[in-house]
Amino acid sequence: MSGQVPRVPEEMFKEVKYYAVGDLDPQVIQLLKAGKAKEVSYNALASHIISEDGDNPEVGEAREVFDLPVVKPSWVILSVQCGALLPVNGFSPESCQIFFGITACLSQVSPEDRSALWAMLTFHGGGCQLNLNRKCTHLVVPEPKGEKYECALRRASIKIVTPDWVLDCISEKTRKDEALYHPRLIVYEEEEEEEEEEEGAGNEEPDSPNEGSTDGKSSPASSQEGSPSGEPPFSPKSSAEKSKGELMFDDSSDSSPEKQERNLNWTPAEVPQLAAAKRRLPPGKEPGLINLCANVPPVPGGILPPEVRGSLLAPGQSLQGPERPEVMAAWSPAMRTLRNITNNADIQQMSSRPSNVAHILQSLSAPTKTLEQQVNHSQQGPASAVLLGQVKVAPEPAPAPQPILHLQPQQLLQLQQQHLAQQPYPPPPPHPFPPPPAHPHQFPQPPLQRPQPPLQQQQLSHLQQQQLQHLQRLQQMQPTPTAQLPGPPAQALQPPPPQAQAQPPLFGHDPAVEIPEEGFLLGCVFAIADYPEQMSDKQLLATWKRIIQAHGGAVDPTFSSRCTHLLCESQVSGLFAQAMKERKRCITAHWLNTVLKKKKLVPPHRALHFPVAFPPGGKPCSQHIISVTGFVDNDRDDLKLMAYLAGAKYTGYLCRSNTVLICREPTGLKYEKAKEWRIPCVNAQWLGDILLGNFEALRQTQYGRYTAFGLQDPFAPTPQLVLSLLDAWRVPLKVSSELLMGVRLPPKPKQNEVTNVQPSSKRARIEDIPPPTKKLTPELTPFVLFTGFEPVQVQQYIKKLYILGGEVAESAQKCTHLIASKVTRTVKFLTAISVVKHIVTPEWLEECFKCQKFVDEQNYLLRDAEAEVLFSFSLEESLRRAHASPLFKAKYFYITPGICPSLSTMKAIVECAGGKVLSRQPSFRKLMEHKQNKSLSEIVLISCENDLHLCREYFARGIDVHNAEFVLTGVLTQTLDYESYKFN
């Protein structure tokens, strides 16, 4: 900077709250203060991060986690010179920019073109100057002549390029090979060359290769159109205009205003989904249970290099399911299970799912319990068809028409699939798959072409040995698959129809027999494998059976020749091999969910409908951190489940730690950022193929098969991988007339009885509530919440409460009485315990109604000996502590975005207990400042397994990070346990 400080317009930086990383030039600080900028000592409060060092960890977390703009000090200087705040996009110090580390000398270009090139280079992280000296890395010159050119030729450290190199790098968003843009490669037409010789001298600046240190001063992008200097490759004015137009368009789409980009890197997976789920529920209905996040394994090691990543198949957690309530009732293995008590069901929900993957077999919520009552009592109406929480799915928007660019790989992919499907034993394809084995059920083995660490070799060898034994059994036992029908020639020039397969058709029931919708499982006899071993509560298996029987099916306790279907998770088991030998239909609980929604026995048609090709606990994607874009509702949930089954971590946000982005379309902010950060972008088939045994796909993220987007059904399985699994579906399931005549299903409700079906809303409808007979003063009016009851029971309680003059509390903060029959880990219970005066049983309300006044609560306080033993606490003591002082008073919490239960739920629980939740991640410096200064509030870090990559710096510096139980169990027991729930 020059010694003279430029005049700063008054209040120019008034809206800027800056956080300085590293040492800044004192004059930059002076300019900021003169413009009324405010320095903050905590980066979460900043609007701008100012730093020269783009590799500083604080800069990385500001961009990746908080999505804050990070600028170089030159942004301040040039903003002052221009008299206005410049866009932050062109001032990033980070090394991910196209021209980072480049200092270019511009020579022999017109002033207009020089301004344009200067702007392009500096905007994308480079530097420009007019003098050729030791600082220069590139010489930008349109012709192979001049003193600077001759000097640069003698220096191997200086690369010589034409201006086209700058334009092409920007248009393709990557640094191009300079050797292809050397000016001597240009071929000139003679006439134009002569014109150029006449004009060139006037446009060329002095060609002095001196070693002076003058750096050309930076300037903001010029708004003028660049005028040509005469050289053909760069000179046409239309070309310059076009390039600049594309540049501005690309930049605006890349780094549009902060408010648009703010949702990219810090997108809590849970918060919007919870809101969306509530929108799909009937008015007033709440999600049944909190999915209290589960496994808390040790902090994983660093991400392995690409050649090793994904090939480790580590035994570990059992395979589990998706986030929103999705199938029947939760099962869980015992892997340091986080303790959990359910709310309005006697069935205990055990949560050992990862934070972003809720239970595929979730505890039955009120609608499904209604189904059980219908099954048991027959007077209610037909059994509900949905085991999965009965969330009404909003129609998914149809994908936009694909441009020709994307149609071509899609057509090629379909042609390849059609051609391969026509051959009983397809020849080795030239792309993703290794040569198919002779036996149609065999799956490709994980490749061993690259050296593996000893632990990975051992685990991989163990998996291969299991698969080999499994495949040998299949070779001995499996019948020859039915002959395949000839198909159209593979040389067809048009893609086949979506459902055109060279296979015999697939059937559910015999098409000639009409099956009643209520009994769509007639003739199906299920045996269940894999799942029972993972169910901590054996009552859940009985629930499955009741639901299957309610739709005409049957469940046998053991596998027998009578069985038609095997419900299983993995293809690697003796029971699965026996079922395949006997040509039984082998499907998953996810398929059962699908047919329950459709009320029709349809063949499996998604990758999740088939058992996985590795043993339970096998994790082919254990080193992957996956994010998705373009998928909504059920499709997004399916991808979460697929990621979990494959052993990958799932994040709802995208940051540089992600290893794969699964896209529906090659569009959107996440996609653009993934390309910028060189994160592979694949379609959903990539993950489906891995689940079904094509482990070679782990190293094929760049193959055309997995980068063809806009597929009609991205979740459809690859035909070659499921040929044998679909074999049993080529024969229709026959249902005898005796079975059709003899079946008795729950009767349909009569038309006049429909209105009497109990409402699902926990709040009584306004018209059902009588006006209060007593009017109490606000101080004497109880504000009540109910938790753990059936909706119809809650409605009756609310009527009595209103008659007595009480009110239903709008929120836990305004609640004075919580009515519950037992201790439950619901949102209401865990928020109310910190603020209510009394937690009482329903008998208190009954006694009040009997006496027609509110009676003393002491004789009706809730006592739950079982829960108090389980959690080693006293509810009475917890309430006493909460009344004495809020548990989290004077404490700040930072909770990572992928936490489970959702961020909004955790925030409500923390705030009711007196704490505050920070919206942005605190820096190490800020944490140490709060830790060492006792007058500052303590900052507690809460995370989950899927977000541990966001906490690497904390672990490296020995800072404790806790799981959600620090909060959940903490508020229940009203204690702070800093040891039991921290990640090691």
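Glycine is treated like the rest: Cβ placed from N, Cα and C.
Your range for motif 'Nuclear localization signal', going by Swiss-Prot and the list 169-186, 331-348, 583-600, is 583-600.
Below 8 A, the CB atoms of the domain 'BRCT 5' (781-862) and the domain 'BRCT 6' (883-924) form 3+ pairs separated by six or more positions in the chain. Highlighted: of the candidate stretches 516-609, 616-704, 883-924, 616-704 has the greatest count of Cβ pairs under 8 Å to the domain 'BRCT 2' (94-183).
Taken as a whole, the domain 'BRCT 3' (516-609) shows an average pLDDT of 90 in this prediction.
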